[in-house]
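**Student:** Sharing a structure here in structure tokens format.
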Amino acid sequence: MAAPSANPFSSVWPKIAQLRPALRSHAEIYRQHFRGGLWYLIEDRAGGRFFRFSPEAYAIIGLMDGHRTMAQIYAIAQDRLGADLPPQDEIIQLLSQLHVAGVLTTDTLPDLEEISERARTTKRRKLMQSFRNPLGIRIPLLPIDGFISATMPLVRPLFTWVGLILWVGLVASGVVSAGIHWQDLTSDITDRVLSTQGIALLLIAYPLVKALHELGHGYAVKNWGGQVREVGIMLLVFMPVPYVDASAATGFPSKWQRIVVSSAGIMVELALAATAMLFWSEMEPGPIRALLFNIMLIGGVSTLLFNGNPLLRFDGYYIFTDLIEVPNLGQRSNGYLTYLVRRYLFGLSHISSPVTAPGERRWLASYAILAFLYRMMIMIVIALFVAGKFFFLGIALAIWSVSLTILLPIYKAIRYLLSSPELEARRGHALWGSAALLALIAGPLVVWPLPDATLAQGVIWMPGETRVVAQSGGWLRKLDARPRDIGEAGTVLAELENPLIDMRENVVRAEMREARVRLSASGAADPVRASIEEARMDLAAGELARIAERRSGLTVHAAHGGRFEPVLGADLEGRYIPQGELLGYLLQPRGWVVRAAIPQARIDRVNGETEAIDLRFSTSIDRVHRARLIAQTPRATHQLPSAALGSMGGGPIAIHPASSGMQALESVFLVDLMVDDDIDARFFGERVYVRFDHGRAPLAQQAWRIGRQVFLDRFGL
């Protein structure tokens with residue numbers, strides 16, 4: 001409860017002073033410690049809800065036995081609490097909360113109609129609360145506590161140190177096996193998952209894995225004496241999966257017991273994934289092996305990305321809140337942001353802060369914002385995924401999500417500003433403050449220009465004139481394998497020898513001499529023979545010219561000055577070098593070419609809106625170099641210039657699953673960029689980070705363009 005106010009009395013107090021309240025029989029009280037402080041929880045065992053109260057509030061609740069009047073309770077509490085006694089208004093609010101929660105009774109005759117209506121309202125509230133979350137609609141079905149109790153002896157040994165050690169060993173074995181077979185696991189993963197067989201097996205495996213997941217929660221609750229009230233179906237993005245109500249764990253006194261209950265489902269899925277991995281690695285391809293792969297995918301990837309994420313209201317959230325000892329973090333974080341607005345923006349000085357312990361403030365201030373952003377991202381991704389398969393269903397899901405997470409809160413905020421009695425005396429101040437806050441948030445997004453750029457990756461590309469190749473085949477006689485500077489064109493870079501060229505030259509010269517002798521012998525008496533011998537001499541002369549060219553090619557000269565980078569070692573002297581084999585590169589300090597891959601959706605901006613091009617080489621990431629666009633492929637292609645640009649090589653371009661790493665999943669344009677700076681890049685094919693600067697634009701404009709492009713790419717509209 002909040003600190004006492006300046007006026008501890010209330011004008012309403014005489015109306016309730018003679019009431020004799022008491023907690024109902026289905027209300028259970030628990031003690032818990034959070035951040036060194038003592039708190040009390042009241043459980044409504046009929047409705048499955050919990051309510052947290054401070055020791056000061058409990059000092060008053062504990063006196064409610066149905067015999068004492070509120071006046072007597074107030075007098076006793078005043079003696080016990082002294083200056084810590086809450087004001088009468090807060091005591092009245094406490095009574096109201098207990099009454100609305102359905103855990104309080106008084107000496108007045110019970111209103112049976114009210115009790116029935118409250119039960120119906122509670123049922124409707126739970127049902128509507130599930131429908132307000134489009135990611136997971138809960139539909140309760142039947143109680144399951146009897147089944148859990150009957151089978152608990154079978155699984156109780158797992159909730160021991162021996163069980164934990166066995167679980168760690170199993171998961172560790174699965175991780176090691178996954179590392180050994182990583183290439184087989186990740187090859188063609190998209191085709192395997194999205195194929196007809198993969199989707200069918202996924203629809204079979206997912207509910208089964210989730211059923212065991214939920215049973216893990218149920219057995220963990222039962223292990224410490226809790227009650228598992230119900231089992232039901234949750235429509236997780238319209239896929240039916242089972243769930244159990246494990247809310248009884250909220251009343252466990254130890255946070256480690258609560259953490260084990262929250263972790264039980266994840267632990268079950270990881271154990272299933274590890275077991276599936278061990279069997280998968282030993283089985284031949286077939287439907288059973290494919291089913292095991294889907295179990296691994298569900299139990300490993302989806303569990304860690306979704307169930308274990310504290311920003312979503314799944315298991316990871318409850319584990320996180322117990323670890324940091326900030327109960328009800330999500331709701332209280334929203335309440336704290338609301339408190340900041342009402343207290344400091346609207347100037348309502350009587351509003352109390354929801355912060356109840358040291359160190360909570362930073363969690364309450366940040367969690368709601370981060371969770372909202374992450375939840376919106378997940379909803380957008382899911383809506384796009386569903387719309388890609390079922391367009392109208394995905395659009396409906398997106399509208400539903402936006403309405404519940406954005407439009408409905410905005411409507412409630414506007415209604416509060418215009419009609420709340422709390423703002424009666426400060427409505428104008430609140431309206432102006434809200435407008436200022438909106439301008440402060442939206443202004444920078446709409447007005448403030450931020451750097452706008454297209455980011456891509458490329459590789460150092462070797463133009464044809466930089467390649468030094470053997471012009472003739474021969475045996476390597478001399479090659480300086482050390483990189484060195486070449487001062488001028490014509491410098492000898494390598495020497496080869498080929499005795500076969502000399503032998504062929506001797507044969508051709510002998511044939512030429514023979515033809516010349518025959519020509520002299522025939523003379524004018526046989527003109528036909530003479531023309532034949534002349535033709536033979538011409539052929540021999542042509543071949544001698546080609547032999548001379550081949551002999552000249554045995555000595556490799558520099559075409560221009562620069563730095564020679566050999567690719568062959570000195571220990572290869574004497575090895576046969578075929579014609580055209582690469583000997584090295586002759587690089588110039590200026591004129592580097594970078595070949596970059598640009599997605600087709602961004603090429604128009606690169607061509608039409610680029611103001612400057614900046615490059616960073618992976619070996620000197622701190623240095624920025626200017627470049628200019630010198631060439632571009634006339635049409636889009638799926639062939640990448642280097643595997644380093646694909647996702648399999650660490651690049652940004654998605655690779656076709658059936659390719660060897662060089663074929664992009666979506667078409668790209670290849671552009672050549674000339675680097676005019678003096679650079680010291682020594683690796684051919686080195687990764688280069690490219691930034692096409694488009695000037696500055698407001699963040700809202702950039703987000704609109706990206707969203708529009710995503711929509712066009714996904715749906716082709």
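Cβ coordinates are placed from backbone N, Cα and C, and glycine is handled just like the others.
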**Student:** Tell me which of 286-306, 664-684 corresponds to the transmembrane segment entry in TrEMBL.
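**Tutor:** That would be 286-306, per the transmembrane segment entry in TrEMBL.
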**Student:** Report, as numbers and ranges, which residues of the same chain sit near the transmembrane segment (364-385): CB under 8 Å and 6 or more residues beyond its ends.
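**Tutor:** Beyond its ends, the transmembrane segment (364-385) has Cβ neighbours at 134-135, 237, 309, 311-312, 326, 329-330, 332-337, 340, 354-355, 394-395, 397-398, 401, 405, 710, 714.
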**Student:** Residues of the same chain, at least six outside the transmembrane segment (259-280), with any C-beta under 8 angstroms of its C-beta?
**Tutor:** 159, 167, 170-171, 173-175, 177-178, 181, 209, 212-217, 219-221, 224, 226, 246, 249, 252, 289, 292-293, 295-296, 298-300, 303, 307-308, 315-316, 318-319, 322-323
**Student:** Short question: which residues 6 or more past the ends of the transmembrane segment (431-450) have a Cβ under 8 Å from it?
**Tutor:** 341, 345-347, 413, 417, 696-700, 702
**Student:** What residues elsewhere in the chain lie close to the transmembrane segment (194-213), defined as a C-beta under 8 angstroms and at least 6 residues from its ends?
**Tutor:** 239-243, 265-266, 268-269, 272, 287, 290-291, 294-295, 297-299, 307
**Student:** Using a Cβ cut-off under 8 Å, which residues of the same chain at least 6 positions beyond either end of the transmembrane segment (286-306) come close to it?
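**Tutor:** Distant contacts of the transmembrane segment (286-306): 178, 185, 192-193, 197-198, 201-202, 204-206, 209, 266, 269-273, 276-277, 279-280, 312, 314.
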**Student:** For the transmembrane segment (161-182), find every same-chain residue at least 6 residues outside the stretch whose CB is under 8 Å from a CB in it, and list them.
**Tutor:** 267, 270-271, 273-275, 277-278, 280-281, 296, 300
